[in-house]
Amino acid sequence: MVRISGFCCAMSLAERQAALLVLADGSVFHGYACGAAGTVIGEVVFNTGMTGYQEVLTDPSYCGQIVSFTYPELGNTGVNPEDEESARPQVSGLIARNVARRHSNWRADRSLPDYLQQHNIVGIYGIDTRALTQHLRSTGAMNGGISTTILDPEELWAEVKAAPSMEGLNLVDQVTTDRPYEWQTPTSQTWEFIEGPTTESLTVVAIDFGVKRNILRRLASYGCRVIVVPADTPIEEILRHEPDGVFLSNGPGDPATVKNGISTAQALLQTGLPLFGICLGHQILGSALGAQTFKLKFGHRGLNHPCGLSQQVEITGQNHGFAIAADSLGPDVEVTHLNLNDRTVAGLRHRHLPVFSVQYHPEASPGPHDSDYLFEQFVALMRDRQPTPVA
């Protein structure tokens, strides 16, 4: 086993509780507890964003993962209810260089450590996250474990090695809604970045594979009536809502395992309805069109990934560990965006059907707003498909 020492943050020795991080390859990181006591196992990944830790922690796409934040300071702005992307934290655990015990933000109602403890999330700080990131970048994302109760590296390592790999894992059932509902949360926030038109009167059915709240906000801000349905909803039930379009949401896990979602997307393609997919929804839509997916070495998780194809580059927020294989796309599918860091497929559309998707997150939260126009494109497809009223 390889022992990698951690750093200490500026706290008294009496306040520190020892914690341990062990990776599947035997690497050991010593640090200090932050949040709940206990042991968690998950896929260890890194996020390079400098802001938006609360949105990351509550993003359902991170279900089953232990997230290491490369930015060294975490928690300075506390936690507030408005910035949550779901009802609770979705990560398995948190890794940080330093976590602020005191926060300064007029919107915050609690500290990050208190929030983690409240929701039973195990965290570790005092870790050399730069060394950890470089290690994961070289070897690839892998399972790991954080513990405040098992401080013997060999014992924790045994638990880590027994855990299933993310590849082949279906986590959608853990994050999808258990019943249909209409999205009704107000969208008029003083800090919202764009005000879209609100007179479309279009109905969108959003298939919830782990949807973020800000996606629903953006759809609603364009005047859409948004009905959210569980991931395994049959197409007959989807069509009963008489949608003008169907949205396939983001979510966690291996897209190849979401068989119900892929078969539903295949059936939706036969209806001619406008379809829009984001992240996991993009992968599911690509799979429904005959493409194959594969696991990335360490994934794309951050707020500054450049995407484009020819004349225009968009800076995007991303969070995924799988991608569509470009050479598996059929002649009827056109690649619209590439991730310009590694040339993986970042967007596609059907040449003859009103169907498109992107691998990244145009809704931001957190992230740049370069790609918000995609919601407008989806609305335009639905509007153009509607019959013209008789005068």
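Glycine is treated like the rest: Cβ placed from N, Cα and C.
What you see is a predicted model, and the numbers here were worked out from it, not measured in a lab.
The feature active site, nucleophile is assigned by Swiss-Prot to CYS279. Annotated active site per Swiss-Prot: HIS361, GLU363, in sequence order, evidence recorded as sequence analysis. Taken from Swiss-Prot, the feature L-glutamine binding site covers SER61, GLY251, GLY253, LEU280, GLN283, ASN319, GLY321, PHE322, and the record attributes it to sequence analysis. The annotation domain 'Glutamine amidotransferase type-1' is assigned in Swiss-Prot to 203-388. The feature region 'CPSase' is assigned by Swiss-Prot to 1-199, with sequence analysis given as support.
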Distance [Cα-Cα, Å, rounded] between GLY321 (L-glutamine binding site) and GLU363 (active site) | 19
SER61, GLY251, GLY253, LEU280, GLN283, ASN319, GLY321, PHE322 bind L-glutamine per the record; greatest CA separation between any two, in Å, is 13
If you average pLDDT over the domain 'Glutamine amidotransferase type-1' (203-388), what do you get?
-> 95
What's the CA-CA gap between ASN319 (L-glutamine binding site) and CYS279 (active site, nucleophile) in angstrom, rounded?
-> 8
When you average the Cβ positions of SER61, GLY251, GLY253, LEU280, GLN283, ASN319, GLY321, PHE322 for the L-glutamine site, which other residues in that chain have a Cβ within 8 Å of that mean position?
-> GLY210, ASN250, PRO252, ASP254, PRO255, CYS279, HIS320
Spatial neighbours of the residue listed as 'active site, nucleophile' among the recorded positions GLY251, GLY253, PHE322, HIS361, GLU363, using Cα within 10 Å, are GLY251, PHE322, HIS361
Students should find that the Cα atoms of GLU363 (active site) and SER61 (L-glutamine binding site) sit apart, in Å rounded to an integer, by 14
Fewest other Cβ within 10 angstroms of its own Cβ, chosen from the binding-site residues GLY251, GLY253, GLY321 = GLY321
Reduce the DSSP letter at GLN283 (L-glutamine binding site) to three states and note it down.
-> helix
Cα distance (Å, whole number) from HIS361 (active site) to GLY253 (L-glutamine binding site) | 17
Could you tell me which of these recorded positions, SER61, GLU363, has the fewest other Cβ atoms within 10 Å of its Cβ?
-> GLU363
HIS361 (active site) versus SER61 (L-glutamine binding site) - Cα distance in angstrom | 11
